[in-house]
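J.: Below is one structure. I have some questions about it.
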Amino acid sequence: MVDYHAANQPYQYGPSSGGGGGNGGGGGVGDYMAQEDDWDRDLLLDPAWEKQQRKTFTAWCNSHLRKAGTQIENIDEDFRDGLKLMLLLEVISGERLPKPERGKMRVHKINNVNKALDFIASKGVKLVSIGAEEIVDGNAKMTLGMIWTIILRFAIQDISVEETSAKEGLLLWCQRKTAPYKNVNVQNFHISWKDGLAFNALIHRHRPELIEYDKLRKDDPVTNLNNAFEVAEKYLDIPKMLDAEDIVNTARPDEKAIMTYVSSFYHAFSGAQKAETAANRICKVLAVNQENEHLMEDYEKLASDLLEWIRRTIPWLEDRVPQKTIQEMQQKLEDFRDYRRVHKPPKVQEKCQLEINFNTLQTKLRLSNRPAFMPSEGKMVSDINNCWQHLEQAEKGFEEWLLNVIRRLERLDHLGEKFGQKASIHEAWTDGKEAMLKQKDYETATLSDIKALIRKHEAFESDLAAHQDRVEQIAAIAQELNELDYYDSPSVNTRCQKICDQWDALGSLTHSRREALEKTEKQLETIDQLHLEYAKRAAPFNNWMESAMEDLQDMFIVHTIEEIEGLIAAHDQFKSTLPDADKEREAILAIHGEAQKIAECNHIKLLGSNPYTTVTPQIINSKWEKVQQLVPKRDDALLEEQSKQQSNERLRRQFASQANIVGPWIQTKMEEIGRISIEMNGTLEDQLNHLKQYEQSIVDYKPNLDLLEQQHQLIQEALIFDNKHTNYTMEHIRVGWEQLLTTIARTINEVENQILTRDAKGISQEQMQEFRASFNHFDKKQTGSMDADDFRALLISTGYSLGDAEFNRIMSVVDPNNSGIVTFQAFIDFMSRETTDTDTADQVIASFKVLAGDKNFITAEELRRELPPDQAEYCIARMAPYQGPDAAPGALDYKSFSTALYGESDL
């Protein structure tokens, strides 16, 4: 029972101990009142505040009593009999109170007031020191306190804005609504309202056509207040509860009066609050849709750029038309190296990022209950992978082809130089031979001269036979150059043909001269045996020296240390024959000296040189000296080449040492990532941090790869084509490194998507770990995916009772591409979809219907009024005209638009 009679107690109000009415559980008006100052007895002594409360409370009561066809004039007097007080409570609560007593005696009035106070107490309000006697006696303080309690309970308590209620909720509502307006800063319910701008801002926010806000001035508060109060009374059915002068002329307007007045605005615009909530829901849905569209556009652009680069690069890699010179082919090799070092690595990153963006977009679409994203034709991830495989296939043999062509051109240049050298030696030897063979000196020669000419001719024939091998070598080299498509083959062929024709002519002339000499041989008897022996021994020795000089000057090209050591061994063997050759030279010179000695001793006059040969002792000594000079030069050239090959061998071993470390390291990291992606211990955040640390450790290892690239560059520059010390090539290392970076990036993306799914769907860490443990148990091959049979067993283990139709439905969700494989991410998406709820098309349609005022269509004007400008225009551009029988001009179909957002029809 409410205590109406406690004497000498300050006026209080709060939640009753009975728990009836209000928001229940000690909430509502009691909670708010616990935060308010007590109704201070001294405050009512302030005439200005009391005047404001009287006017406001009287107007508030009349705004409800007029619904029952009555009103009050004096708030102290008109509630004394309790009749209008009970009527007021019935109007504002919508409930029936006990039947009032109609007698005019004091006891009747007290009983009526007690009935009203009992009803207030039944609504959860505890009244202290307010008794029926005070009301019947016209106590102004108690009457105003009672009316304020009624206002709090029925007009303010149920206000709720963003988890705040009562006074705080009403204040937050005012702040939200007036935030965009200049010179308005609502912080309380007294001085923040003195200039009148806040009242006008509330009206303009909801009914902009009623207020010309830009014409209001902060320095004219009376005009502002009167404008707001008159507009509210005329168009919003809010009675004028205060006079502008009462507010302006008070240093601090009465808070309770202002709160009462503002609560009337709140209730007048409560319908607009519902529309705002509906608009917020639509904005949220449209924001998600717009973000997804931006992601789709970004994917399409990145995929187009990458595919265009691949399509431009493949024809260049497939162009296998060799150039004519080594310089051109080396430039082509340098271009290919630039492609591998500079152009391709960023594209590898773009490809990896494209796959990550695609997976993230699909995850966001699933989380927002949108259909999966299907890229334009030819721009699927699988299409890009196919093009990438085509690129790598074209790239695979390109470098090998370049090196083979360079080797072939090197050999051609070497053969060309060798041909020129041998041809020059042969041409020098044949110079004058035709003229010599055409001489007819035997017609006037003596017998001895003829015999000498015959012997000389025999020596020439011996020399000619010795040169036959050189001519065949020249022809063989020319033939090989033709077969290898040497770029200067025409000039080689011309020169070779000239040599062959000249050789045939020499053969014919030699035969003719021999026949002529043989005709006169019978007349030739005397011959100098010494000269003949000299000639016979000098000619082959001379040929040997010429061959030796030719070999000592012969160019060579080697690629391994074994090859150069073979040449050095052959050269050492040649040097070991020099002492015997020197003895042969001295023996030949001794024959010539013996002939000279016999001639001198016998006073024989020798005319000219040895008639049987042109090889004089001076020539032999000169060529021998030349051989002696060429030997050390050959030594230097071979030693220089040996040093070069030893340097190349060091480069091979240096590269092999580093490659044999980096290669196994990459392979080990790939295996460790595979184990990590399956085990996934700890929380998802722990797993993500662990993976990122692991990724950083991989990135930190990059200097070792760069060092290997530098060593490989030195090997390429040295034209080293093979390396027996390692099975790893730079190509293997690069491919392994790219796969390692891609694998760790994909694994990190998978965990990030699992975190997105967990956070969006409210999945606990324990549930996520249970999902992972179940999936790993049935992932028999430990590959991170499973076939349909294993997936069926997994679902049964989690409690699903599956028929074929239900299982086929689930498979269509987790495996939309019918690949026969279910990934862990697909399993998580399915389990989260089965256990959580998301926005649906029906919810969006219901929200649009609120904005449209329960119509089956909505207009562009309504969209622009309720939604932000960009999202309003987004809807207007995509909504089809409404075709229903109740269509109005400019009507838009929001139902088909809402279903299209969720993929249930085409937009």
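Glycine is treated like the rest: Cβ placed from N, Cα and C.
TrEMBL feature annotations, pasted as is:
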type	residues	note
COILED	450-484	coiled coil
COMPBIAS	16-30	compositional bias 'Gly residues'
DOMAIN	51-155	domain 'Calponin-homology (CH)'
DOMAIN	164-270	domain 'Calponin-homology (CH)'
DOMAIN	766-801	domain 'EF-hand'
DOMAIN	802-837	domain 'EF-hand'
REGION	1-32	region 'Disordered'
J.: By Cβ distance under 8 Å, which residues at least 6 away from the ends of the domain 'EF-hand' (766-801) in the same chain are close to it?
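T.: Distant contacts of the domain 'EF-hand' (766-801): 674, 677-680, 684, 754, 758, 807, 810-811, 814-815, 820-824, 827-828, 831.
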J.: Would you mind listing the long-range same-chain contacts of the domain 'EF-hand' (802-837), meaning Cβ under 8 Å and 6+ residues beyond its ends?
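T.: Tertiary neighbours of the domain 'EF-hand' (802-837) are 359, 363, 366, 372, 750, 753-754, 757-758, 760-763, 767-768, 771-772, 775, 779, 784-788, 791-792, 794-796.
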J.: Summarise the model's confidence over the coiled coil (450-484) as a mean pLDDT value.
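T.: Across the coiled coil (450-484), the average pLDDT comes out at 82.
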J.: Just give the helix, strand and coil counts over the domain 'Calponin-homology (CH)' (164-270), going by DSSP.
T.: 67 helix, 2 strand, 38 coil
J.: Using DSSP, tally how many residues of the domain 'EF-hand' (766-801) sit in helix, strand and coil.
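T.: Grouping H, G, I as helix and E, B as strand yields 23 helix, 2 strand, 11 coil.
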